[in-house]
């Protein structure tokens, strides 16, 4: 799980749908085909299968690699960290799924990123919609990846891609349009359960029944205010089998910035019950549901917010800077800093033989180091250290 190298690439291809083209393929010296890992979900599924683990709840923070067009201003990189949380195991419907959504809600609330919305849908409902709209099963996955673009482009563009590139009939596309533009909560789920066409489809009916259950649990968790059942949510990956979700930030409440920062999705995930079985030699299945938090995207928002507010962020854990006011006192600094380090105190000094005191104190202010331990000739003679509070400028001899 910890290696950035994915298994031979044929086990990776076909798990990511259209995103397969974003995988970095490598060939090692022995001629073995490898790939850099694209996410943390497939390696996790492989780990469960190889180690015959049938029940596990875990989080994992690690780097992944995508051959994408970077947009660094929006926190899109080719090498970036993912933060994943997954629950694997055979449990009753929607209980782990509800917990994943509760965790996303808790993280986004605690980070105070502003207003957010968690969109929820189910692959079975989407496939049911495609079926009743007359889409052949071979075109479910291509149709899915096109619907997934609805949050970025208007319906007209999505429709023309469905008809022009994906080969759907105009009538089927129009019928899909009536469904995928719907979003709401329990009342919409109830309405679709009564829908004459959808209620006849076994998959859609199952998905809607589970969605109703999910919303009941989310109501008990007290988080439905931020959750929307959204039929346009498709998520482009092929391995999802049930509930899918994605968290988006709604806007930046920031007067200083002309343009609101559009960072798109900051978290996403879903249920992938078939993935572990693909890696298991005997095809044993382990149901799984998980979520991934996009750290870089969240950082880019927090950074822009700090910049706009003019606040300084403390980027060091250093507790004290060892400083000297006169020349030729480097030995005193080295001796004192060594004692502080040995005592487990986070200390720093400037790497100069004779820095000016003002420069040393300025460094504390710039980096947010709260204390300066000053040893001058007088302090050495008196066998004391002068401790200075950088912010208040108060000093005590000890």
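Every residue gets a Cβ built from N, Cα and C, even glycine.
Just so you know, TrEMBL annotations are computer predictions that nobody has curated.
If you look up TrEMBL, you'll see 39, 40, 41, 66, 82, 86, 235, 239, 240 marked as L-histidine binding site. According to TrEMBL, the feature domain 'Aminoacyl-transfer RNA synthetases class-II family profile' maps to 59-325.
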Subject >> Averaged pLDDT, computed only over the residues in the domain 'Aminoacyl-transfer RNA synthetases class-II family profile' (59-325) >> reply: 89
Original post:
Around residue 82 (L-histidine binding site), which residues of its chain at least 6 apart sit with Cβ under 8 Å of its Cβ?
Top reply: 39, 40, 61, 62, 63, 64, 292, 293, 294, 295
Subject >> Neighbouring C-beta atoms (10 Å sphere around the C-beta of residue 240 (L-histidine binding site)) >> reply: 26
Original post:
How far apart, in angstrom, are the most distant Cα atoms among the L-histidine-binding residues 39, 40, 41, 66, 82, 86, 235, 239, 240?
Top reply: 21
**OP:** Run through the Cβ atoms and count how many others sit within 10 Å of the one on residue 235 (L-histidine binding site).
**Re:** 23
